[in-house]
Amino acid sequence: MAQTPRVTDPILQDGDRSLEGGLRPKSLNEFVGQDGLRENLRILVEAATARDEPLEHILLSGPPGLGKTTLATLLAGEMGTRLVVTSGPALERAADLVGILTGLPPKGILFVDEIHRLSRTIEEYLYPAMEDQRLDILLDRGPSARSVRLKLHPFTLVGATTRSGRLSAPLRSRFGFVGRVDFYNIVELMKIVERSARILQCPLEGEVAEELAKRGRGTPRIVNRLLRRVRDYAQVRGTGDVDKHTVLQACELLQVGEDGLHEMDRKILETIIVKFSGGPVGLNTLAACLGEEPDTIEEVHEPFLLQEGYIERTPRGREAAVRAYQALGIDAKLKPKPPGLFT
Ligand code: ADP
């Protein structure tokens, strides 16, 4: 089968995280939405502070860009302690983990992004560290091998994952609190983009915040990125003002639709409908056709398409729902009927 060239989506792509720092909320009060989770975290913080203890280990799961790193930063701020940030794939050697954990101050927070990608060896070092604040390190090999026990300061591990199902059971069971971040609604995204626009000193006119929020895929990172691209467009091709007309033109150029679908989303739906007659199609086959990693499709693109009812996940693979046909302007009658008992 001919491969479709890889689609590089300018908004969903994970390229410019370094620019996000300035837009991060500085306190839990500035953090918009996720009310239930925020309240639970507040209670954890207040209880731990009152007892003069470190926070319990916390696991945050949910799609990328919804605020997991931000929440870890805010927790460190609320606890008045230091945060050290790393990620599962970056923690390759036990020595890296030992260095980080021994360098943490009492009640310090270690944030591990993509914690489901930790190697088994590092996980095994983490268990006693999480439970008893100790590290058992093996020195030398063969007959002269000996184990050294290091005592650590009490610390908190905050893990973030886009794939909580991939976490091993022993690791998951060592978290005292497991919370989920969900997609944001339009009103919440409007508040987020209005705040970001104030910080970027780029006033939004009229209904612009709503237009951006509608296209934000329920995700603060995406709505903020869209704002920056629209600001660029206004500066280079417009008068500098971010008005509705400019937003619509910029979004057309970026191929971001009013329905929140981005270029890669449409490619996914089109591939399922046109190449696989609406599905079902397996994830690996779909990924190969799109020239994309299966993990990227599953972690970055699918959650929104599933939540908005564009696709369905069945035991036999991904299927396009009626809404996908409508979004692409294809007659939904072409959607194959599910096989009946006698067909
Ligand atoms: P994740 O770790 O889940 O991938 P981040 O915490 O890095 O997501 O958030 C991405 C960006 O979105 C941050 O720069 C932050 O400015 C913004 N953001 C996320 N959640 C919120 C929120 N609830 N309110 C305001 N801004 C947010």
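Note: Cβ is positioned from N, Cα and C throughout, glycine not excepted.
Unlike curated records, TrEMBL annotations are generated automatically.
The region 'Disordered' annotation in TrEMBL covers 1-23.
Taken from TrEMBL, the feature domain 'AAA+ ATPase' applies to 54-182.
Look at TrEMBL and you will find T69 tagged as Mg(2+) binding site. Cβ environment of T69 (Mg(2+) binding site): V85, F111, D113, A160 lie under 8 Å away, each six or more residues apart in the same chain.
Here TrEMBL flags 258-343 as region 'Head domain (RuvB-H)'.
Cβ neighbours of R318 (DNA binding site) (same chain, under 8 Å, six or more residues apart in sequence): I272, G279, P280, V281, G282, L283, L286, E302, I311, E312. In this structure, R318 (DNA binding site) is part of a beta strand by DSSP. The DNA binding site annotation in TrEMBL covers R313, R318.
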DSSP-derived structure type at R313 (DNA binding site), helix or strand or else coil: strand
Composition by DSSP (helix, strand, coil) of residues within the region 'Head domain (RuvB-H)' (258-343): 45 helix, 9 strand, 32 coil
Structural state census, the domain 'AAA+ ATPase' (54-182) (DSSP three-state): 48 helix, 36 strand, 45 coil
